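Going by TrEMBL, these are the annotated features:
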TRANSMEM  20-37  transmembrane segment
TRANSMEM  82-115  transmembrane segment
TRANSMEM  156-177  transmembrane segment
TRANSMEM  184-202  transmembrane segment
TRANSMEM  233-256  transmembrane segment
TRANSMEM  268-287  transmembrane segment
TRANSMEM  299-318  transmembrane segment
TRANSMEM  330-355  transmembrane segment
TRANSMEM  367-390  transmembrane segment
TRANSMEM  402-420  transmembrane segment
Amino acid sequence: MVTSDGGGGGKLKKVLGLGYWVQGFRCFPWLVVSFYLKDGLKVDPSTLQILQNSANLPMVGKPLYGLVSDSVYISGQHRVPYIAFGAFLQALSWIIIAICPSNMSIFTISIYLLLSNLGASIAEVANDAIVAEMAKQSPSSTKHPQPSSSGNLQSFVWIACSAGGVLGNLLAGIFIGRFHPQTMFLYFGLLLALQFFITISVPETSLGLPKTPSVGIRNQLSQLLVALRKPEIAYSISWFTASYAIIPALTGTMFFYQTQHLNINSSVLGISKVFGQATMLLWGIIYNKYFKSIPPRKLISSIQVTMAFFMVSDFLFVRGFYRQMGVPDSLYVVIFSGFLEVLFLFKILPFSVLIAQMCPPGCEGSIMAFLMSSVALAFIVSGYLGVALASYVKITGSDFSGFPLALLIQAACTLVPTFWSSCIPDKVESKAKRKDS
């Protein structure tokens with residue numbers, strides 16, 4: 001039996017809201033990193049994309065962090081301490097980057113970026129586990145029902161993350177030409193330090209989390225393997241991961257095309273990312289209100305097709321089609337490029353709701369961590385495929401003649417997963433309903 005009160009619900013939202021908001025606000029230093037690598041360290045498009053994707057390698061270790069979080073309790077707590085530790089690692093890495101000499105080597109900054117993402121991934125695992133645990137509670141299981149059933153809590157944290165992204169991109173776009181990059185890194189490091197102190201001040205017992213006994217890492221790993229052998233979980237995660245990995249990402253090439261070839265101002269890119277994050281924020285609200293009842297397979301497949309449509313639109317953009325129609329490049333970058341960048345993430349919300357419903361009790365952190373690490377690995381593979389594709393069509397920092405062909409290949413690859421979307425269940429019964437039946 002889970003007991004909860006109004007204060008517990010408020011503290012739960014405080015911890016999760018702040019955690020996911022900071023997670024979204026991470027775009028603030030990362031947009032600066034892109035310009036710092038391009039203008040400060042003079043890297044080429046392929047090197048930029050390799051560095052950005054390689055920095056995400058700690059995300060692949062999320063299943064391990066999930067196993068530890070599920071089974072190793074610290075002072076009787078197994079979620080909040082990991083969120084705090086993740087915030088501490090991030091604060092440490094960004095503050096070190098801020099105080100290091102501005103001519104630091106690519107290798108040095110890569111190490112600190114890896115440390116930052118290690119902390120981020122540990123915090124995200126703990127946050128995702130809390131959401132998965134609370135999402136499976138039926139309203140009758142608490143004295144004071146929390147807004148966590150039927151995807152409400154997922155929508156809340158999605159909105160918090162998107163709100164952080166909106167503000168982070170807006171501030172980055174405004175300040176990137178006015179402050180030194182390391183000053184901006186310092187501001188973000190201090191924000192993470194604040195998150196650390198706020199998080200450790202909240203006892204986990206006050207959050208109203210389900211009581212699950214510690215079973216040890218070996219037993220937890222055994223439970224995870226049993227869960228992953230369930231066809232509905234294994235097929236769904238396999239499809240979802242492949243739907244990202246099969247797409248050759250061209251983000252580094254597009255960044256150079258917009259800033260080098262079109263001379264798009266950094267503030268325009270910032271506004272573009274703000275527009276994208278605003279649509280993510282709106283998506284969280286719209287999904288919770290209108291799309292929750294749509295079968296997951298239909299909704300996720302529709303998003304996949306929409307992604308391919310916007311990639312074809314990028315092809316027309318690079319070919320100058322919209323320019324000939326009188327549409328300014330900056331307007332297209334703000335609206336279409338900003339939207340496509342976050343459209344990749346739209347599938348995560350409905351799929352997270354689906355997986356949370358299928359998670360066996362006691363290994364929510366492990367399953368959600370395995371899912372997000374699979375997605376992280378898929379994005380890394382996607383980034384490396386994009387580098388290979390850009391090299392194949394002979395794209396360089398000054399020659400983008402092969403870019404239109406690369407975008408068409410990207411769109412075609414995006415459509416391929418829709419042919420085996422039957423791997424995604426159309427409907428999953430809640431745990432409570434299964435027990436009643």
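Just so you know, glycine gets a Cβ as well, placed from its N, Cα and C.
Ranking 156-177, 233-256, 299-318, 330-355, 367-390 by CB pairs under 8 A with the transmembrane segment (268-287) puts 156-177 at the top.
Three or more CB pairs closer than 8 A are found between the transmembrane segment (367-390) and the transmembrane segment (233-256), so contact between the two stretches is assigned (pairs 6 or more residues apart). Within the same chain, the transmembrane segment (402-420) packs against the transmembrane segment (299-318): three or more Cβ pairs sit under 8 Å, each pair at least 6 residues apart. Three or more CB pairs closer than 8 A are found between the transmembrane segment (299-318) and the transmembrane segment (330-355), so contact between the two stretches is assigned (pairs 6 or more residues apart). Between the transmembrane segment (20-37) and the transmembrane segment (156-177), the number of CB pairs under 8 angstroms, six or more residues apart, is three or more, so the stretches are in contact.
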